[in-house]
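Colleague: Okay, these came from TrEMBL:
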ACT_SITE  207  active site, proton donor
BINDING   11, 12, 13, 14, 15, 16, 17, 18  NADP(+) binding site
BINDING   107  NADPH binding site
BINDING   192  L-homoserine binding site
DOMAIN    352-428  domain 'ACT'
Ligand SMILES: NC(=O)C1=CN([C@@H]2O[C@H](COP(=O)(O)OP(=O)(O)OC[C@H]3O[C@@H](n4cnc5c(N)ncnc54)[C@H](OP(=O)(O)O)[C@@H]3O)[C@@H](O)[C@H]2O)C=CC1
Ligand SMILES: N[C@@H](CC=O)C(=O)O
């Protein structure tokens, strides 16, 4: 039977929760026309009911008691925008067990326990949607599950963390120091409660695990994703990149071929001609390569109140439509690809190396010899004087495609040599 009024329990009233309340209020008419029901936010769970909030709601709607939402039989759908693993996981489990549908923006939880929760949702005949968990306002999950259902995705390269993209853009365009750029990202509500998960790449790794699971139809865990953050990037690295026609991005790369699957997040030099190089500030983009369609790219704000709330609301509309049609509990993804993770010897890329070396005859020849032994060939090299009093030079090298394993073996040889005084940086180059 079609419902005339759908009641929501909102868990969390911070950046995203505030956006959800604003949009439900201002789009009530559109929501009614699309779904045939009014949508009411019945109760809102918060930690501190006395906190000053940018948006006021009637006092009685706020609660600190989760059972006031989870055990209320009038509430049809839970929107979880609180974040973290616990108690969010227990709340979602309880909601599903009670027959409530769930929409969440929680990538930490979905990357770690998504499979278990999706099974529970299916068993309970409930919907569980999580579009906002990847790339904020970019509707990428629906795109890869529905839009690409007739194709075979072999590669996804994503700028999926707004905070780090904001920081890198500020550092490279305006020379703003790292710490100040991070503070700005926090003030806009882009960063996680603990921003080290943004800066150290974990947030992007969680999103890439979700994307790879859906895009490759396999069960990827966050532990399957290699992960490096942007903490050690210097303004000098960015400047050398610029000189070579590269832009630094924190990029998630998911690829599959006949040897298996690789998924990793790391600071990467993207060639300026690649469409991802033009994605700046809090914007995210996911480049998706489908065997049949070829290259595609999806772009938009990756964080922030209203962009993220649009993704939550679009899931909400889907759930309400499913309720009206009596087809809830059927959105579990299909996993039929065997998860074979590639070894480092099977992962190929071009690499950028910045070395401080002894400035004397034969160093370059020795380096070329070590590289040849690892089957690494050079695409570009240039040298600059470094500390002339110590007779040092700075060498910038870009390799042709080489395996990650051979680069790691080369780096360990360089570390042992007296000719190489310091390995300043080593980045993947994409594009
Ligand atoms: N911010 C963004 O741009 C994006 C965020 N997300 C995800 O959305 C979720 C929410 O993020 P965001 O809105 O930024 O987070 P905030 O920190 O701004 O808000 C969290 C909200 O949850 C409430 N809360 C936290 N812990 C508890 C608890 N134990 N019991 C009851 N209430 C609690 C807080 O209450 P109180 O207000 O009283 O402190 C607050 O209202 C996270 O999973 C995040 O990763 C996804 C995409 C983008
Ligand atoms: N902290 C995240 C928020 C959205 O997922 C980001 O910066 O992208």
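Heads up, the Cβ atoms here are built off N, Cα and C, so glycines get one too.
Annotations in TrEMBL come from automatic prediction, not curation.
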Colleague: Within a 10 Å radius of its Cβ, which of these binding-site residues (11, 16) has the fewest neighbouring Cβ atoms?
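Modeller: Relative to the other binding-site residues in 11, 16, 11 has the fewest Cβ atoms within 10 Å.
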Colleague: I'd like to know which of the recorded positions listed (11, 13, 14, 15, 192, 207) lie near ligand 2, counting only a CB under 6 Å away.
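Modeller: Within range of ligand 2: 192.
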Colleague: Report the DSSP secondary-structure composition of the domain 'ACT' (352-428) as helix, strand and coil residue counts.
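Modeller: Output for the domain 'ACT' (352-428) reads 27 helix, 34 strand, 16 coil.
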Colleague: Roughly how many Å separate the Cα of the residue listed as 'active site, proton donor' from that of residue 107 (NADPH binding site), to the nearest whole number?
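Modeller: Cα-Cα, rounded: 6 Å.
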Colleague: Of 13, 18, 207, the recorded positions listed, which put a C-beta under 6 Å from ligand 1? Please answer none if none do.
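Modeller: 13, in sequence order.
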Colleague: Using Cα coordinates, what distance in whole Å links residue 13 (NADP(+) binding site) and residue 192 (L-homoserine binding site)?
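Modeller: Spelling it out, the Cα of residue 13 (NADP(+) binding site) and the Cα of residue 192 (L-homoserine binding site) are 15 Å apart.
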Colleague: Can you give me the residues near the recorded NADP(+) site, meaning same chain, not 11, 12, 13, 14, 15, 16, 17, 18 themselves, Cβ no more than 8 Å from the center of the site's Cβ atoms?
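Modeller: Checked against the 8 Å cutoff, the neighbours are 10, 19, 20, 81, 82.
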Colleague: Other than its own, how many Cβ atoms are within 10 Å of the Cβ belonging to residue 14 (NADP(+) binding site)?
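Modeller: Residue 14 (NADP(+) binding site) is surrounded by 18 other Cβ atoms within 10 Å.
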Colleague: State the count of C-beta atoms found within 10 angstroms of the C-beta of residue 12 (NADP(+) binding site), not counting that atom itself.
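Modeller: Excluding its own Cβ, the number within 10 Å is 23.
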Colleague: If you average pLDDT over the domain 'ACT' (352-428), what do you get?
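Modeller: Mean pLDDT for the domain 'ACT' (352-428): 94.
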Colleague: Specify the count of other C-beta atoms within 10 Å of the C-beta of residue 107 (NADPH binding site).
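Modeller: For residue 107 (NADPH binding site), the count of other Cβ atoms within 10 Å is 28.
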Colleague: Going by DSSP, is residue 15 (NADP(+) binding site) part of a helix, a strand, or coil?
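Modeller: SS state of residue 15 (NADP(+) binding site) = helix.
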Colleague: Tell me the Cα distance separating the residue listed as 'L-homoserine binding site' from residue 16 (NADP(+) binding site), rounded to the nearest angstrom.
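Modeller: Cα of residue 16 (NADP(+) binding site) to Cα of the residue listed as 'L-homoserine binding site' measures 12 Å after rounding.
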Colleague: Quick one: give me the count of other CB atoms within 10 A of the CB of residue 13 (NADP(+) binding site).
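Modeller: The answer is 26.
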Colleague: Fill in the CA-CA distance, residue 12 (NADP(+) binding site) to residue 107 (NADPH binding site), as an integer in Å.
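Modeller: Per the Cα atoms, residue 12 (NADP(+) binding site) and residue 107 (NADPH binding site) stand 15 Å apart.
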